Ligand code: 2HA
Ligand code: ZN
């Protein structure tokens, strides 16, 4: 069988791309989340802002596979590259089939469409939560120039807690801070909470992004959580820490004996001081 020059180039690029650190990180993170039970079926999505110089060693950026129009323009993200999970793709399958489940996309110069540069084979589309991801990236970049990752999943205990705890941001934050000593240090900026809304819409995207100006964690009641961060590990660790605290909450509240003692507000303030973080206003009363 004869293979032409273009086909050889494509095969080599495909091969080397799978070794790219950002592809490896997406494969590992999605698999870890699935293993933790946070991403049943096609639940969850990740988008990862990439620098052009990270992409060019692995991909010819002049070759686009196809273009997709954006229903919500994002001029703030013009010419930016992302690796994203695909709409309807199962996290459990990403590591065995990254070319089908992931895509590398670039927003055009005006922010009206995206070029698909690699992946999303079989006519796949970027995550159905792209409005929430893009709008959240825009919000986080306003407050953190090192921001890179938006991650959404259906973390089990956080989701459960939205049924059993009042949905007030301050008291929800305080309860989580009280559950594990490290929480106030990991998320001194607390959590934002939206009302229940239909997922996948521009509206939930706008509301999530508004919360992201003040918090790196945003809860969608009865659905899941959004996290933001500068690296995959940091973002994963942020959600993991909140989820662990929510697990402790659920464990102790199903315990017949109930709660006998908690970390006091003074102790939380001492922790914040010792670790040099500033807790959001209005949560601690000391
Ligand atoms: O489809 O989690 O919110 C994946 C989702 C939607
Ligand atoms: Zn979801």
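Yeah, the Cβs are placed from backbone N, Cα and C, and that goes for glycine too.
TrEMBL annotations: computationally assigned, not manually curated.
These come from TrEMBL:
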- 129: active site (ACT_SITE)
- 152, 154, 223: Zn(2+) binding site (BINDING)
- 24-250: domain 'Class II aldolase/adducin N-terminal' (DOMAIN)
Item to complete: Report the same-chain neighbours of the residue listed as 'active site': residues 6+ apart in sequence with Cβ closer than 8 Å to its Cβ, ordered by sequence.
Response: 45, 152, 199, 200, 205
Item to complete: Using DSSP with the three-state reduction, classify residue 223 (Zn(2+) binding site) as helix, strand or coil.
Response: coil
Worksheet entry | Number of other Cβ atoms within 10 Å of the Cβ of residue 152 (Zn(2+) binding site) across all protein chains | 29
Response to the item:
Once DSSP output is merged into helix, strand and coil, residue 154 (Zn(2+) binding site) belongs to coil
Practice prompt. Give me the non-local Cβ neighbours of residue 223 (Zn(2+) binding site): same chain, 6+ apart in sequence, Cβ-Cβ under 8 Å, ordered along the sequence.
Written response: 154, 159, 196, 199
Worksheet item: What is the total of other Cβ atoms whose distance to the Cβ of residue 154 (Zn(2+) binding site) is within 10 Å?
Response: 18
